[in-house]
Every structure is written in C-alpha cells, then in structure tokens.
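Asks: Below you'll find the structure I mean.
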Amino acid sequence: MAVLRQLALLLWKNYTLQKRKVLVTVLELFLPLLFSGILIWLRLKIQSENVPNATIYPGQSIQELPLFFTFPPPGDTWELAYIPSHSDAAKTVTETVRRALVINMRVRGFPSEKDFEDYIRYDNCSSSVLAAVVFEHPFNHSKEPLPLAVKYHLRFSYTRRNYMWTQTGSFFLKETEGWHTTSLFPLFPNPGPREPTSPDGGEPGYIREGFLAVQHAVDRAIMEYHADAATRQLFQRLTVTIKRFPYPPFIADPFLVAIQYQLPLLLLLSFTYTALTIARAVVQEKERRLKEYMRMMGLSSWLHWSAWFLLFFLFLLIAASFMTLLFCVKVKPNVAVLSRSDPSLVLAFLLCFAISTISFSFMVSTFFSKANMAAAFGGFLYFFTYIPYFFVAPRYNWMTLSQKLCSCLLSNVAMAMGAQLIGKFEAKGMGIQWRDLLSPVNVDDDFCFGQVLGMLLLDSVLYGLVTWYMEAVFPGQFGVPQPWYFFIMPSYWCGKPRAVAGKEEEDSDPEKALRNEYFEAEPEDLVAGIKIKHLSKVFRVGNKDRAAVRDLNLNLYEGQITVLLGHNGAGKTTTLSMLTGLFPPTSGRAYISGYEISQDMVQIRKSLGLCPQHDILFDNLTVAEHLYFYAQLKGLSRQKCPEEVKQMLHIIGLEDKWNSRSRFLSGGMRRKLSIGIALIAGSKVLILDEPTSGMDAISRRAIWDLLQRQKSDRTIVLTTHFMDEADLLGDRIAIMAKGELQCCGSSLFLKQKYGAGYHMTLVKEPHCNPEDISQLVHHHVPNATLESSAGAELSFILPRESTHRFEGLFAKLEKKQKELGIASFGASITTMEEVFLRVGKLVDSSMDIQAIQLPALQYQHERRASDWAVDSNLCGAMDPSDGIGALIEEERTAVKLNTGLALHCQQFWAMFLKKAAYSWREWKMVAAQVLVPLTCVTLALLAINYSSELFDDPMLRLTLGEYGRTVVPFSVPGTSQLGQQLSEHLKDALQAEGQEPREVLGDLEEFLIFRASVEGGGFNERCLVAASFRDVGERTVVNALFNNQAYHSPATALAVVDNLLFKLLCGPHASIVVSNFPQPRSALQAAKDQFNEGRKGFDIALNLLFAMAFLASTFSILAVSERAVQAKHVQFVSGVHVASFWLSALLWDLISFLIPSLLLLVVFKAFDVRAFTRDGHMADTLLLLLLYGWAIIPLMYLMNFFFLGAATAYTRLTIFNILSGIATFLMVTIMRIPAVKLEELSKTLDHVFLVLPNHCLGMAVSSFYENYETRRYCTSSEVAAHYCKKYNIQYQENFYAWSAPGVGRFVASMAASGCAYLILLFLIETNLLQRLRGILCALRRRRTLTELYTRMPVLPEDQDVADERTRILAPSPDSLLHTPLIIKELSKVYEQRVPLLAVDRLSLAVQKGECFGLLGFNGAGKTTTFKMLTGEESLTSGDAFVGGHRISSDVGKVRQRIGYCPQFDALLDHMTGREMLVMYARLRGIPERHIGACVENTLRGLLLEPHANKLVRTYSGGNKRKLSTGIALIGEPAVIFLDEPSTGMDPVARRLLWDTVARARESGKAIIITSHSMEECEALCTRLAIMVQGQFKCLGSPQHLKSKFGSGYSLRAKVQSEGQQEALEEFKAFVDLTFPGSVLEDEHQGMVHYHLPGRDLSWAKVFGILEKAKEKYGVDDYSVSQISLEQVFLSFAHLQPPTAEEGR
C-alpha cells in the first residue's frame, strides 16, 4: 500500500512538473503531430488517379528476339555461350537455338562456369555475350546424351541492355540493376499494377531483354533433341504467346510510394525530442542531487524509474493516439495516410516503440551525470541506432530471419522495419490487420509484424536491465556504488540481517577516554540522537588516498542544536554526507535514533530531515507542493498532510508565498523552504548544511528563531560559516580541522579555553602618552597584555578572569580621559570567530593568523575604538592611506594601460584563448563535434556502398514451387482437340507439383479481373500464372498469362507451358527445369553503376544534416553558459568590445568546424565519392561546408538569447536544426518526385527555406551530387546523350548555376545569411534595438514614473540623505571629473502589469579611497542598482557618472574604469584561476609584460596560489568568491563594485578577502560593496547607506549610524548548573529590575541573552552591577558588548514590504 502511495505521489510530482513546462510539453506533443501533419499534407496534395476500367494488355511474341538485338554490339557480333563445351548434346542444342533466333550470332563453348565468369569479368566481353546456356548435368564423356529430365540455367548480362529510361524520381524508386533473383516480389509493393504502361511487364525485363525468346528456343531445341520430327510437326500447328494478366480498376496512388520510404524516418523524428527530454529530465534530477535527496527521504529506486516511465508513457500514449488518429482518419473520401490498416494495431505498434524509446533514454541517462551531455549524446545515440537500418533496408531480401531479428535488437531499426511492413501491407491494398500479425507480407519474406512488436518489447526489457545494472554500479557523483557483481550477492536480494536497535547503547563510550581539556563534559540528562564512533572516510584521488574524515567520535543530543564548524575542506560536509547515506564510511560506525547508518538507512530515513548546502528544490513546484510532496514521501498520511503543510507554512513564515513556484523565490525564501522540508512530518533528526547562507540579516534572524522554537524534541546538527550564528544557536559547538575533531563544548566554554578575554581599544589624542595608559591598565588588571599600538590606536587584552577588576579600570579611564589624552575607548568580548581562527592556527601553524593582521583588522580596531566610544563627538575621520597603499599606488601609476588598436587586439586574443581553453578542457565535446559527422557520414557511405556493391544475383528456379501452393486458372474455349489434350496434361502436371489447377468456363481474362477485384492483394500471391488454349484458324494458340506483380512470373508461365508441350511429346517423365542465374558484373559494369545513384546523394545529405544538427548546437553551449552565469556580463564590464567578443568566438568555431569538414573530405575520398572529390570538386565541397559553418554559427549565437540553461539550449537547438534541415529537405525532396505532381510547390518552398542554413546545406549537397552524376552520365556516350535529350533530363555545366540542379542560390544564401545573422547579433549586443525601443517608451515611462511617485506613500527622508542629494544636484563641473562615482536621481521601473519601482531617485557620490556599503533587505533594490551601474540594466531616469563619463550614453568608456564582482560567481568552469585572471588582465589592457606579475600579486593577496592552476569547477565556494573579487580588482580599475563578495567563505578566507579589499581602498580606489554580513561592513566601509524600497533611509559612517539609531549593550550570562532553574529565574528578575526596558533575546540550558537599553549606561556601571550579581546569583560567566550595526540595520526592517523579491 505504501508503495502505491509513493508511486502515486511521484506521478503527481512528475505530472505537475511536466504540466508547468508548457513549451516542452507542447513540443513533445506537437512534434509527432507536426510530422504526422506533413504526411497528411502530402496525402492531400498528392492526387491519386482513379482508373475506372480494367487494364487489358496485348499479347507478346516470343518467337524471336526484340528489335534491339538485331543491331550487333559495338564492333562485334553477338555470342551465344554454352557449358560444358565438351558435350556434343549441349553443342547440338545450342546450335539449334542459334538457328531459331535468326540474328547474326556465333556459338562459343566454355569448359566450366568459372571459365565463362572469368571471360565476362576480366575480358570485358559481357556486352557481346547474348546469353549462356548452362546444362546442369555432369556429361562424363562427349557422347553422353541429354537426359529426359533436363535442368539448365540461362545466364544473361547482369546489366539490362534494352531498358527504357524511367524517371520516377530516382530519390525514392532506386532502379536497381540486375534481375532481382533474390526476391519473387518487389521489396516495396506498388498500389495498382507494377509498371502499368509496359505490356511486356517491364522490370526485370524477361521479354525486352530476350530472356523468354532464348528460353523458349532452348526448350524447343531440347524437345527437338528428344523428338525431332514430332516437335516440328507439333509446332507447325501450334503457336506459343505470352500475355500479361489484365488488372482490375484501381486507384493509382503515388503517395504510397513515398510512405514506404519515409514513414520510418518521420516516426524517428517524431520521437527524437521526447528521447532527448527524457534523458535530460532524468539526469537533471541526478545532477541537482534531487534524486539522491529523495532516496535519503526513503524513496525506492525502482519507484523513481516507474514514475518517470509512467509519466512519459502517458505523454507518448497521447502523442501516439493523435498520430494514429491522423494516420487513419479519412482526409478525403476513402483516402487516409494509412487507408486500410487497423488503427488499433497501428497504435499498438507506436506504443511498443514508445516503450522502447523511454527505456532507451533511461539507459542513456545512466551513463551521464550532466544533463547537457546526456541530452547531447542521447540525441546522437538515438539517431545512431537508426543508421544500421540504412544497411538493412537494401539487403533485406538477402537476410535470414535470425539476422533480421538480431538487427531488431536496436529499437529504432525494429521500428523502421515495422513501419516498412505497414507500408508494404498498405501498398498491397490490404493494410496491416491483427490477422496478419504472424503472416509475412509475401512469400519472399519470413519476417512478420508480430515479431517486430515482440522485439520492441524485448529491447525495452534489455535496456531496462542495462539501466538497472549501470545505476547500481555507477550511480554518479552523489550515489553509493554497488560492487560489479552485486546481482549475485544474496544480501542484495534478501537484505542484511537487522542489527538490534539499542545494542550499541551498551558499548563503552570511546570519547570518554579521549576527553581532554578542550572537550566540555557532556550533558548526562539528555539522550544522544546521533552517536558517531571512530568514523573515517578516505577518498581515492588519482592514485593517492586522501582522508576527508579521520577517526571521528561525537555525540549529538536531543533538544540541542550542535554546530559543526570548520574551514572549507575540514570534513564537515563529508561527515554529514555519511550520516545521510550519500557516501558509505570507509570505517567506523554511526547510530541515528539507535539505527546503524550502513545497515539501517531505510529506517533512519523515516525520521531524518535534511537541508543540504545547495537548494534541493524543483523549479516548477510551489512552496506548498514541496511541503506536501516531502511530507507524503516521509510517510505522513494524505489526510494529515494539508494541516501539516499549513502549520509548516506558518512556522517558516511563507504563508503568503504558498502558491509561488520555487524558482521565483528569493534566496532566503528558498532556504526557509528547504528547512521546512527538513522539519516536516516530524523529523526527529535534522541535518542542516549552511541553512542561512545567502540570506539577509532579517531572514537569518527568522531562521534562528525558527530553529530555537523547533529544537525541543529534535536532534539538530548544523554547519555554518557565520560565527555569530554558531555563537547564538549552538548549545554545543564542535570544531573540525583536517578531518579531525579539535574541540567541542558550549560557546562560553570554548571562549574560556581559546579566547583571550576582552579587547579594550583606545583611540589616542596627539598629546597622549601610551606609557601612562599602560601603567594605569596594569595597575588595575595586572595580567593585561598590550595587543597592538599602531597609528592612533592602542589595544589591550584583558583576561576574562579579571572581570571583577573592570569596573575600577573603566571608572578610572572615564575620570582621567582628558588628562591621559584618550579620544574614546570601548571593549569587546572574544568572538567565536577568534576561537575558530585560534583552533585553526593551533592545528596548522603554517597558517599563522597573526600574520594576517593586515589593514582590514587594523581598520576594524579603529572602527571598534570609535564604535565603543564614550564620546562619539570626538571621533574624527582618519587618513586611510599608509605605506602599503602608497606602494600600490606607485606600482599602478608605473603601468600604462593599452588603448586603441593595441587594446582591441589584446582583447581579441584573450577571447580567442578563452574559446581555445574551452575546447581543450571540454575535449569530449570536441571529440563529439568531430566524430558525430564523421560517424554518420561514414556509416551512410558504408550502407550505400554495401547496397551498391551488391552481391552478384543468385540463381533462381523458375518454377511455381518457389511460390508455395498457387491456383493456376486455365480455359479451353471451343472444341480444340489439341487444347483439350494439353489441358489434361496441364492438370496432371500441376497436381503432381502440388499446385491447384482451376478450369474456367467463360472468358479467362474476365475471370482474372473478377478474382483480383474480390481477393485484393492476396490474389497476387495466390495466382501467378494462367493458360488458355484456343484455335485460331488451323493453328492452336497456347497463351501463357503471367501476373506481373511478381518479378519472375513471365518466365515461370512460359516454363509451365513449355513443360506441358515436352510431356505431350515425350511422356510424363519428361521435364524441363529452367533457372535464371545472371552473369556476374564485369569490372567495367561495376565501375559503371551510375546515374541511378540519385538516392546516394540524398542519403549522404540526410545523414550529414542529422550530424550537423548536433554539431551546430554545440556552438551555442558556451554562449548560453556564459550568459547564464553572468560571465559574459562581467567580461563586457571589464571592457571587452562586442566585436572582439563575438568575432573571436566565430573565428575559433570556424576553425573547429574546419576540422570535421576536412575530415569529411578525407572520408569522401576514402569512399571515392566522385561528385565531391574528383574533377577539382574537393574545393567546392569544402566551400559548401565552410559556408554552412559561416551561416549556422552566427545563427546559433543569435538563438542563445532564447535560453537560460545550456542543456535546454542544446536539446531545443538540436530539434530546431533537425526541423529546419531534415524536415524541410524531406518535404521539398518528396514533392520533387514527378509522380507526386507537386514540383511547383516544391520550388516555392525551396525559396522560402533559403533563410535556413540547414536546408541550404542539405539541398546543396544533394543537388551537387545529383548534378554531377547526371552530367557524368549524359556526357558519357552518344546513346546516353540521346536518352537525356529524349527524356528531358537536365543538368548544369556550371555547378554554381542559379537554377536547379545548380547550387548557386544555396551558396549565395548561406553567405548572405551569415552576414545578416552577425549584423543582427551586433544590433542586439550594442543595445541599438533596445535604444530604439527605449526612445519609443520614454514618453510612456515618464507618465509611469509620475503615476508611481504619486501612488507611493511619502516616507520622511533622513537629513543625511537629503544633504547628500543637495550636494550632488548643486552644479559643479569639477566634481564630475574628480569624483570616481556620482549617482544622480537614479531610478528603475520594471514594466509589468503593475509597474514596479525598484530603485527610487538615488543620489550619491563616492570619493577616492572610500569604501561605500550598500545595505538592504532582499528586494530593497541593491542588485538592481548594481546592474544599472554596470550597464546590465537600462536606466529608467536619472544618470550616473564614472570618472566623468555618463553610464546612459558612454557605457563603453565607463566599463573600462570599473571592476565588478557579481552576487553569484560569474566564473568559467573550464578555465583555471590563473587563466581567468590573465584573461581579465588582457581585457583591461594591462601590457603583456606586466600581466604575469599583476596576476601573481592578485593570487598571492587572495591566498589563491595553491589553487591557481586548478580548474575553477574544482574550487570551493569560498575560493570562487576570492577569484571573483580578484577579477574585480585586477587592472586597478578606479571604481570597484563588490556584490556580497564573501558569501560562503570561512572566517580565515573572509579575513584575507577583507585585507585585499582594504588594500585596494587604501590605494585610492572607490569601492561599493553590498553585504549581508554587518561585520564585513564594519571592517571595510567608511560610509554606508541602508536601502528600503529602493530609497536610502540613512547614510553615514558605521559609528555615526550606531550613535544615531542604536543604543545600549548586549549581555550574555551563564548560570551554574546546580539549582540552575531557580537561580536563573532570580537573575532574570534582577536584570529586569536593574536595567529597565531590557529585552530577553534568547534562553537555553542556563544561558540568557539580553539587550540592555539606555545611552547613559557607562562601561564601568555595567561591569560594576554585573560583578556584584555574579556571586549573588551563581553566574558562571558573562560577557558585555555594545550594540552592533546589525541591530541598527534590523531597526529598519518594518519599512521593507515582505513580498519584494530578491534582486530588485
């Protein structure tokens, strides 16, 4: 039951996701309909011709050779060969034949057939040999007579000599050479009579090639040999004629020709997009870790696959139903695409194919971990498995049943063979019916439709098994692999024996032995929710083992939040991954709720809530749907779900967002939702990996409150990079370093162990004497130490144990402040950050934290000194420049940046190398670019050559027995005595052979017409020959009738009659068995298989187009990726010119395209494709390919603007290329078949499609080939030239002629469209189109702004903000040039249904050497402001100036002066850190000789040197932020924008970043920074503003804002554990009484956190009161610090509406 519930839930999830992806869903349903629509459209356009009367054919004489053979062959006489030459009987018979055939001819004998074949093959004499008569008797000596039962075969020329030119559109009806002796019926049957205009039956030419004349002459000669006189006498009164069966009224329908060839390909194309989508959707869940996350939540793997299967099956069922409807619905009276087939069987076939397609895509998905690659290779493999059909189709008749079945192991080949069978049954006039399921289409074939369906289902099972195995053994980056032999392990099938829960409780606690001073005693009254014992994890990197976690022992308790800290790479995430079952541990154990992780993961997952570091959300599910889905997945009943979801929405504060899709949520909201998912359904154990990363202060607070409220009955473990978060939330804090646990305890415990105590910072006046102050401090606190004395700042460390002495010290300092020359002083407690840094330093002494006290920390001390100032008025501005700054300034001025042409060349080179690096690193894709076209074309050529290399035709017995049991009608009109005699013999002979003679009393031809009308297609297989015997005057005419639907019926009919005459003359034992065994091809003929290769050009073009569809799409991948991650924007901000950016890409891509193009020429040469390689045409072929590259690459660049992700772009562009190439090419080509009668429409469409490079390539390649072969044929001989003229076969001497079949128009259009697409690309990139639109919208915008301003509530403006505005709006031209950044009344309105004012009239000036902080809640407008200032977004009104240049009109010059670090890392994964910095240095114009030093300095400053040569994709989040900042700083831009630069960094990395930024500031840069970390703003910013609703609400230095908007202190205290509760209540009452208005912020485990208000409280007073309370209330420890900037920030929270989205 639970399984069904989970399945239903997954189906609901998949269906909902699919429903929201409207375009994908529409395409999945639309493409099959489109291709079905093409067939319907053709069906409507192709007129079928009704032939209302029966077709009667005249009789044909076989007494003499056709007229053609009366002319001698070139320079010779005809030869009649016989074998064996040593037999007199054979020679006698042959001479008799020569005399009978009355043409000038000589007889030549050969000892054996081998001699004859050598003569034909190598002496090039086949043209003069009329035929060879080979007697199949040993003839032991020359006089041995011919037996009565004669067997012989005739060997005529393989190439027909007297064939009429038939132009039925050689693309589809490939007129093969030869006698078709491999088959009895055509491979593709025709509706109506075969060759309706040929009374002699046409192909293979039994009458017109003289075969029947020779056969009859040989038969008569054999009769004469055995009964000379009787034979002459018989033939004096008897004439044998041959006549074609009449054909009943029929509808001539050329459409059925097209469908037999094209239905397989159209079905393949119909499902191609779905195949790509399936692979992409499945892999995307794997790539985003959603699949593994669902598994952690308790989902079975087979259920996951089943749900996907059912969803896609449902969609394909709908598509297949519509296709069946379109195929079988009558579009005209009695006319449909498939007029006669059973719709239910067609649907069954399509569904079997759909199932195999889904299974195939599942199988492909298991080989990839990136959705892009899965889609790319999936599409290629999907088509690749169709290519073998090109081999199978031409040699279908040669293949055995087992070979056919084996080829059906590829589902696309099985589908093609099934579609071919449907076409054949349609053409037979019967259609496919359920009764035909196990019947072949004709006697030639042993393969039936039921076998196709069976093989499609078998394929699905086999693909499923591969999927199951691959997923188990190679689960991808985030799964746990099984051993390769897992399927033979009993434990896999039966499960492991359950470990007894609770058993581990008894184990001795190994941590006790290890307890040392850095591990606080564990709480004894709490239950351990998680127990970790000796846990280790070793990863194999290359050929080395790397320990990520070493021997970890830790207990995590219920009702507590345990915080796990560690710098990037310390082993935190690995530990959590082991606990959640993502990785198996290498050794050790862990128990969660009593269950062991490696054995009982299924049980554990039921109570496990997980919030990973990355948001594991489905883009298109709403907030409520996520909660509903995961609650049900964890096992909550459906009835309880709505209430639980409602409650959770309330808990996480997303009630108003319940119906918003997750992709529209801000980062903070996404994290809240992730936490909600972890909490829902009563999870007892919560594992939260950096739950608040990327949130603003207010959202973070909300999460903290949420976790504090939820922890009571849960075990919560969380990791974070925010030390204040660890301090505030952590009941116990564990710090890891290098994979080992270093310490564990409460925040106060760790501060006692590692912390120095209080930092007291004093700001000195000029007359201050540090010695006096030092004496005073040491007098009151003897063990105080001087921390630093730098510039105007003096800093002491006061030990915690001396807090009782602080009151006296502070009182003395306040009293003697002026006398000692102290401007201000303050104190701050050891922070958690210092503890963390100290632990890191102890572990790794090489990373000396003291060495990192660069300007950032010094400046922070300066800030602190003024922050805790007793008298804020005394705080003056400080000169930021010092020695380091001066040094950097000097270095900068020494380097002169490139400009003009030198800069453009340098930028072009940088962009070119970027593309080169991409190709080098993504070598698999480059390999695919080369191999896909080569493989497709090579396989096509192999298939074509294989089909035309053609085996020599085998021997075929011309007897009725070959056709099984048949009916032979005969009639004897009148009272002919000889006729009666003959008919009796005929009956006996046929019955002896197992045939069914049937006497017809009326007119034989009328009978045949009637039976054919009644029986339809079956008649042609059951009735092949007939005979009539009638007297005409004195003679009896024996008329042998043949059914021309079978190839060999003329000779078979004649053989029946001649046998009859032989039996009449020589008795019942006489018989003649004749066979047709065509001569082998001569070397000349093999070389001359020409003209009728029209389809070869078509096949090459089709395969080339398919390959190019995949190849061309790859050119968009980097463009889309760069745009998606904003790397392109950062490159433009760094000054790259549009032309350098795109033309360098175009040049590289053309070079990349040249390689497969040249290799294609090699392939053409290897296969000797004459049209493309001979007569100087190699250059033409290369030109065609390169012009295609020139046209398609800019088109792919243009299309990149439509997509947000590389995977989506790749799949959709591949489909676009297939549609714009193959579909249009097929449409035009099919219409060009003369029989279809749509030539004019095909010309019109051909002209319309000229704008599509794919279409041009297909048509050009096909036309070029066709023109070459036609021209070669028509100029090969006078006879050929005569034929070409007679049948109006056109060709062009000039291959580049404009009209068909010249390729001039395709060449010109590809050349022109390449230019057009490039121009359009530049228009878009240079914003010219946007500017035009902007001018048009300007009037409307002014109106919108005015309306918005009047609608907005007028909020009071802060005085500092008003003063800044006044100063900026005052006219002062000098300030424009000397101020790095000036913002004047900047506004941004987003045009939507309700216009949104995102930025509202900002005015600001940022000076040199200033770091300006832009603070605000998510949605306040910070990121929008950045986007406008960097030129990514247009300005609605106002303006901004960088170095005097307007952003609105001179964005190019502005960008050369700014550096930009966006909020999300705009990095290129395929480059190393060093390569990226070098690239940006070149973009900035740093001369090449200085780049190395400049990059080294940046790497050193950011401590990125160890990672400089690693690929960016391997960087941790922190290192990526460092690199992004380095990119912004390189090249010394005047203005630097940093959007949340330190997100995701650990404290050490963050400090280093601050140092770098501080150095840049001190060198005179203007820096604008946004951050969620108030600590960062205090450390770096000289001024800051807080934004609310797009406006500045306050502006000034951090201390100014704290003094203006904040007051009071923050108090934390911990009460002793004995009698804790009682003492705690008393202490709380004391605080409330002593500090009126105090607010209790937090309370847990005897710990309290208060906010103490009041500006009049002095440090001395606070410490005095608390020291007295310490003894009285049993306070173990306490700490006091001044209110933080964060609290000032939070005081503005109520002004920001909660619904505003991030990024505005």
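Even glycines carry a Cβ here, placed using N, Cα and C.
From Swiss-Prot, here are the annotated features:
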type     : residues                                               : note
BINDING  : G566, H567, N568, G569, A570, G571, K572, T573         : ATP 1 binding site
BINDING  : G1416, F1417, N1418, G1419, A1420, G1421, K1422, T1423 : ATP 2 binding site
DOMAIN   : 530-763                                                : domain 'ABC transporter 1'
DOMAIN   : 1381-1614                                              : domain 'ABC transporter 2'
CARBOHYD : N14                                                    : N-linked glycosylation site
CARBOHYD : N53                                                    : N-linked glycosylation site
CARBOHYD : N124                                                   : N-linked glycosylation site
CARBOHYD : N140                                                   : N-linked glycosylation site
CARBOHYD : N620                                                   : N-linked glycosylation site
CARBOHYD : N783                                                   : N-linked glycosylation site
TRANSMEM : 22-42                                                  : transmembrane segment
TRANSMEM : 261-283                                                : transmembrane segment
TRANSMEM : 307-327                                                : transmembrane segment
TRANSMEM : 373-393                                                : transmembrane segment
TRANSMEM : 447-467                                                : transmembrane segment
TRANSMEM : 925-945                                                : transmembrane segment
TRANSMEM : 1100-1120                                              : transmembrane segment
TRANSMEM : 1144-1164                                              : transmembrane segment
TRANSMEM : 1183-1203                                              : transmembrane segment
TRANSMEM : 1213-1233                                              : transmembrane segment
TRANSMEM : 1245-1265                                              : transmembrane segment
TRANSMEM : 1306-1326                                              : transmembrane segment
Asks: Please tell me whether the transmembrane segment (1144-1164) and the transmembrane segment (1213-1233) touch - that is, whether there are at least 3 C-beta pairs under 8 Å between them, with each pair 6 or more apart in sequence.
Replies: no
Asks: When DSSP is mapped onto helix/strand/coil, what comes out for G1416 (ATP 2 binding site)?
Replies: strand
Asks: Counting across all protein chains present, how many other Cβ atoms fall within 10 Å of the Cβ of N53 (N-linked glycosylation site)?
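Replies: Within a 10 Å radius of the Cβ of N53 (N-linked glycosylation site) lie 9 other Cβ atoms.
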Asks: Residues of the same chain, at least six outside the transmembrane segment (22-42), with any C-beta under 8 angstroms of its C-beta?
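Replies: Answer is 255, 258-259, 262-263, 266-267, 269-274, 277, 315, 318-320, 322-323, 326-327, 331, 337, 1212, 1215, 1219, 1223, 1226-1227, 1230-1231, 1236.
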Asks: State, in range form, which of 261-283, 307-327, 1306-1326 has the highest count of Cβ pairs under 8 Å to the transmembrane segment (373-393).
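Replies: Top-ranked stretch among 261-283, 307-327, 1306-1326: 261-283.
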Asks: Does DSSP put N783 (N-linked glycosylation site) in a helix, in a strand, or in coil?
Replies: coil
Asks: Enter the number of other CB atoms within 10 angstroms of the CB of G571 (ATP 1 binding site).
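Replies: Other Cβ atoms found within 10 Å: 24.
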Asks: Helix, strand or coil at G566 (ATP 1 binding site), per DSSP?
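Replies: Once the DSSP labels are grouped into three classes, G566 (ATP 1 binding site) ends up as coil.
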Asks: For H567 (ATP 1 binding site) and N1418 (ATP 2 binding site), what Cα-Cα distance in Å is obtained after rounding to a whole number?
Replies: 27
Asks: Any chance you could find the range in 307-327, 1100-1120, 1183-1203 with the most Cβ pairs under 8 Å to the transmembrane segment (1213-1233)?
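Replies: Going through each listed stretch, the top one turns out to be 1100-1120.
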Asks: Among the binding-site residues listed here, G566, G569, G1416, whose Cβ has the fewest other Cβ atoms inside 10 Å?
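Replies: Each of the binding-site residues G566, G569, G1416 was scored; lowest Cβ tally within 10 Å is G569.
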Asks: I'd like to confirm something. Which of the recorded positions, N14, N140, G566, N783, has a Cα closest to the Cα of K1422 (ATP 2 binding site)?
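Replies: Nearest in space to K1422 (ATP 2 binding site), counting only the recorded positions, is G566.
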Asks: Mind checking which residues reach the transmembrane segment (447-467)? Cβ under 8 Å, same chain, six or more beyond either end.
Replies: 305, 345, 348-349, 352-353, 355-356, 358-360, 362-363, 365-366, 401, 404-405, 408-411, 414-415, 417-418, 421-422, 425, 432, 436-440
Asks: Any idea what the Cα distance is from G566 (ATP 1 binding site) over to N14 (N-linked glycosylation site), rounded to a whole Å?
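Replies: Per the Cα atoms, G566 (ATP 1 binding site) and N14 (N-linked glycosylation site) stand 38 Å apart.
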Asks: Quick check: which same-chain residues outside G566, H567, N568, G569, A570, G571, K572, T573 lie with their CB within 8 A of the centre of the ATP 1 site CB atoms?
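Replies: Going along the sequence, the neighbours appear as T574, M736, A737, D1546.
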Asks: Cα distance, G571 (ATP 1 binding site) to F1417 (ATP 2 binding site), nearest Å?
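Replies: The Cα atom of F1417 (ATP 2 binding site) is 32 Å away from the Cα atom of G571 (ATP 1 binding site).
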Asks: Between the Cα atoms of A1420 (ATP 2 binding site) and N568 (ATP 1 binding site), find the distance and write it as a whole number of Å.
Replies: 31
